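Engineer: Got a structure for you, written out below as structure tokens; questions coming shortly.
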Amino acid sequence: MNLRVLLGASVICALSVPAFAETTLTIATVNNGDMIRMQKLTSDFTAKHPDIKLNWVTLEENILRQRVTTDIATKGGQYDVVTIGNYEVPIWAKQNWLLPLDNMPADYDAKDILPAVSKALTVNNKLYAAPFYGESAMVMYRTDLAKKAGVNIPEQPTWTQIFTAAKAMTDKSNGVYGICLRGKAGWGENIAFLTAMANSYGAAWFDMNWKPEFDKPEWKAALTDYVSALTKYGPPGASSNGFNENLALFQQGKCGIWIDSTVGAGFVTDPKESKVADNVGFAQFPNKEGVNNHGNWLWSWNLAIPASTKKAKAATEFVAWATSKEYTDLVAKQQGWRAAPPGTRTSLYNNANYQKAAPFAKLTLQSIDAVTPDQPSVQKTPYTGSQFVSIPEFQAIGTAVGQQFSAAVAGQLKLDQVLQSAQSLTTREMTKAGYIK
Amino acid sequence: MATTHQRSLARFMMAPSVGMLLLWMIVPLGMTLWFSFQNYNLLMPGMQKFIGLSNYKYFLSDPGFWTSLINTLEMVAGVLAVSVVGGIIFALLIDQPIFGQGYVRILMIAPFFIMPTVSALVWKNMFMNPVNGLFAQISHALGLQPIDWLAQHPLLSVTLIVSWQWLPFATLILLTSLQSLDREQAEAAEMDGASALARFRYLTLPHMGRAITVVILIETIFLLSVFAEILVTTNGGPGYQTTTLTYLVYSQALLQFDVGGASAGGIVAVVLANIVAIFLMRMIGKTLD
């Protein structure tokens, strides 16, 4: 009898499950340190939302971009939340691939998001993605080596000052290289850096008729300095070094100067990972004498909701949780303030605890505040975007041009040859895409 | 002897699986052909339309196309040369009765079972890296300037990595053929006063002819589509130095999201692979009588 009741009860239970069905969110994200940390902290979210289950798809940046783009473009509907950059957000929003974040909880405080970051994610006055962390670029250098070499890097250096310092710090016989810069081909690798550098030299990708500008003296000047600095003072194998490779070199004490994303600052000052943690100085992205433009790098990793999802409500709740102030507090409580996701919220930079734990906080904020993606170069441009050009074709063009530039660093091609083929292949792609009539 | 009736029954019963196989082949090929005539870029929805042969025109006039074609052939030829010559040498060596023969043979074949991505990563970071790599350390120890392999000799490096993987395969096949060589014949030749070189030239090598052909044919088929090693080590660069046809198609499809262009590239690659295969068959197929 009892057994029967039990059986009956369990049948009813089984039948009634669909009524309180759990929603399972599939979240595509990039395998960067901060995102991995977020996955570990999700028990906080699931405790607050017992009806939502999370299913993670964690991928390396390029693979993530391929998967997410193909899924969203073919309306596959595989993911409910995707991690994308500020390059994709405006382009995808215009194609109606993303849902606007209209229904964020009342306490979300979207006004707290750094203006530059929030502007990059806003289309037609609507926020289409929430920033998880953001970055600009800056100079990181070894204060001990600079002192030993007798050079001084001011807070707003020029390129000449940087190259002089790099030369003085180079000590190849001891495996110390004056400057480490990205050389690995790719629109998100060397082209990110070179676009920022070219911007600071007064160069631009396209003129107002979408004609590429690699035949202009500004590009030549920027590229000449870049190649000569890397070949004279850079580490061997520079043409295959990206962010991670340079980070490792700097942490091992092999680089004097490293100019890259502000996110790197958190890693090079971490005594557990970096041999040189106590001797790192920071400065703003350099400019060229007479050109008032400090490179303009702005990148953020953001959470967005594809238009193809059927679980928009739950997805919004997750996005709000992961990018909220409470999440930052949670990270700080569990892992210390320095681990807090940087570059997205004003409140973090006003927080005295964070300022104390992160010596790079002030300069990171300054760099992000100073970016002007609407006006990337001192020239007039038909496009927006900071270390990229905000058109769908840019991924292809940037990667192809990046291949050419990395060949110049490897010493395989002459500079003039490189600029010429960059010019012709960009013209070709832009003609194919219908920009140049 | 089957009767006509039995044969048609057999055909009838085979029809479903043959049909399936045909569909399996025809549908993707047909779709690729169809896409190759379309202006179809994933990033620009709603622009899809028929554009005739434009995709082919753009693919064949791509600045990287001819380079990639030559790179592909150079790489295949290089790996074939290394694995056939090296394979013969290794096969002859490990055919000798030596101490621990079993273990040596297992060690010899091991590289073939390592995943291409893994072996590429190991070579890139542990051997060829100009700062931390083993080769750089050796150069330093000898007082030489380390070579930046992947930047200075990119195609050679990729060829080396791929050869390292395929050499064991060649060795294994050639060793098997060597073991079927009639020992009495070899001894007779030796007693007749033939030198070791002559014995190799007139006895061993002709005996291995068929095995060598098999190695060349099988390896060519796989080598034409080498991809992981290039993606991991050089990303097709610097410049177009290590861009092969496969890589070029990949970059059209997944870096530029140009489905039309990539399909056209795929069709071109299929045609070229067939041309290579026909030549191969003509040249060496004769030994397979």
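The backbone N, Cα and C atoms fix where each Cβ goes, and this holds for glycine too.
TrEMBL lists these features:
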- B:69-280: domain 'ABC transmembrane type-1' (DOMAIN)
- B:12-37: transmembrane segment (TRANSMEM)
- B:75-94: transmembrane segment (TRANSMEM)
- B:106-123: transmembrane segment (TRANSMEM)
- B:155-175: transmembrane segment (TRANSMEM)
- B:211-233: transmembrane segment (TRANSMEM)
- B:253-280: transmembrane segment (TRANSMEM)
Engineer: Go through the chain and flag residues at least 6 beyond the ends of the transmembrane segment (B:12-37) whose CB is under 8 A from any CB in it; none is fine as an answer.
Structural biologist: 50-53, 55-56, 259-260, 263-264, 266-267
Engineer: When each of B:106-123, B:211-233, B:253-280 is checked against the transmembrane segment (B:75-94) for Cβ pairs under 8 Å, which one has the most?
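Structural biologist: Answer, by Cβ pair count: B:211-233.
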Engineer: Quickly jot the same-chain residues contacting the transmembrane segment (B:253-280) by Cβ under 8 Å, restricted to those at least six beyond its ends, or write none.
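Structural biologist: Same-chain contacts beyond the ends: 32-43, 51, 55-56, 58-60, 69, 73, 216-217, 220-221, 224, 245-246.
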